[in-house]
Amino acid sequence: MIKLPLLSTVLKNIAKRPATNLFPKTDPVPVPEDFRGKIIYHVDKCVGCRMCVMVCPAGVFIYLPEVRKVTLWLGRCVFCKQCVDVCPTRALEMSDEFLLATYDKYDKKLRWFTEEEIEEYKRKLEEQKKAKEVAKKS
Amino acid sequence: MIWELLALLGIYAYVSIASLLYAGIDRKLVARMQRRIGPPILQPFYDFLKLASKETIVPNTANFMFKASPILMLATTIALLAYTPIGFKPLFATKGDIIVFIYLLTLADFFLVLGAISSGNPYAKVGASREIALLASREPAMMLGVFTVMWALSKHGVEKPFSLANLYEHNIWEFGPMAWVGGAVLIYVFMTWLASEVEAGFFNVPEAEQEIAEGPLVEYSGRYLAIIKLAESLKEFIAASLVVAILFPWGIEMPGLEGYVVNLLIHTAKVFAVLFVAKTVFRAVTGRLRVTEAVNLLWTRVFSASLVASLIIAMGVVM
């Protein structure tokens, strides 16, 4: 005798509503508290202590000695949150964003503190220096 | 003759659409049974068109049969449609055409197996050997049941004995209580046979995706895969048609072309109901057996039940 224990369940399920989430039509399943999503980097808060470079297991961070900041590419990020935990100035934090698919590895949304921003920041530093020198002279 | 060929083309078009439609309904229902939403009902049509438009890759190790098999399989299945009872008498119904029917039904599977072993892939060869083992185990039970029913109907003094057309003149439920018991056993036999014919549930042995990577279909792609899928889907409908014609052949009397169309639609509804039990529900509630277990089950449970049913029906007819 063949037993079919699933039969009743299966036939009952036809009448029930599907227990699925129709993602593109509806919102995705809400993220929990303390969800580890995409990293946010606040350049102005960063003091260049290199802690994140030391602690990162994936090599996301590259230290820039001339501006004493880091640049990061999230294509390598494993969302372990160690950089956030170790950052003394709260310059790094985790957001709720997780829809990070792109066609381009070096997309803008996977980068913080890009080359242009670095150049801009350097110029700002120069201007500040000049302003200081002008102030000294006067 | 020319009208019969035109009718055959019409039947081919209709059965293609109906069988692919049932494949869609089947997927939808299995999805709902598992609390999923499932694909749209027309998904098999989209799959077919996509496969037909894809690049077809032929392995280096394949010989000419690899390309010929899918076409021969579809041709066999279309030829089989001319002998299939679909709500009315088969187009080419003649004395003893049941032999042709069974022959063509198994031949389609043989062509699939030939294509698989011509691909040169060891997985395909494993799948092909399983397919043959299952084929050899499942057909005797069906043959015995069908021949018994045919023999019983020929006792009524039909015009062409052992023709599938007899199924619409008389049926096995006319032979009194003995035959009803035998018929009940035959329902079990034919449902199991149909499940093993469409390779659902227990009998998903040759195309075991998780074990041997789709078995016979492992090297097929593009247009050939589309043809094979269509032929298999047609074969499903034909096998279910046989079951429906033998066990539940009731239609309505109606003259003219409308009668044919209405009977065809009634028959399609019955085929869908039979496939719902033998394929959809069976697929949803059972897992695969091992190939040895499947062969064992077919020989011990199904063939013996077929034997018992045949004897009971025979006794009912003789008395």
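Yeah, the Cβs are placed from backbone N, Cα and C, and that goes for glycine too.
Because the structure is a prediction, the values reported are computed rather than measured.
Look at TrEMBL and you will find B:6-25, B:64-86, B:98-120, B:178-195, B:264-286, B:298-318 tagged as transmembrane segment.
Residues 39-45, 48, 78, 81-82, 86, 91, 230, 233-234, 236-238, 264, 268, 271-272, 275 of the same chain, all 6+ positions outside the transmembrane segment (B:6-25), place their C-beta atoms under 8 angstroms from a C-beta of that stretch.
A Cβ distance under 8 Å defines the sequence-distant neighbours of the transmembrane segment (B:178-195), meaning residues of its chain 6+ beyond its ends; these are 138, 141-142, 145, 149, 152, 172, 201-203, 239-240, 243, 246-247, 274-275, 277-279, 282, 298, 301-302, 305-306, 308-313, 315-317, 319. Outside the transmembrane segment (B:264-286) by six or more residues, the chain places 14, 18, 22, 25-26, 29-30, 33-34, 86-88, 191-192, 194-195, 198, 200-202, 204, 236-237, 240-241, 243-245, 248, 251-252 with a CB less than 8 A from a CB of the stretch.
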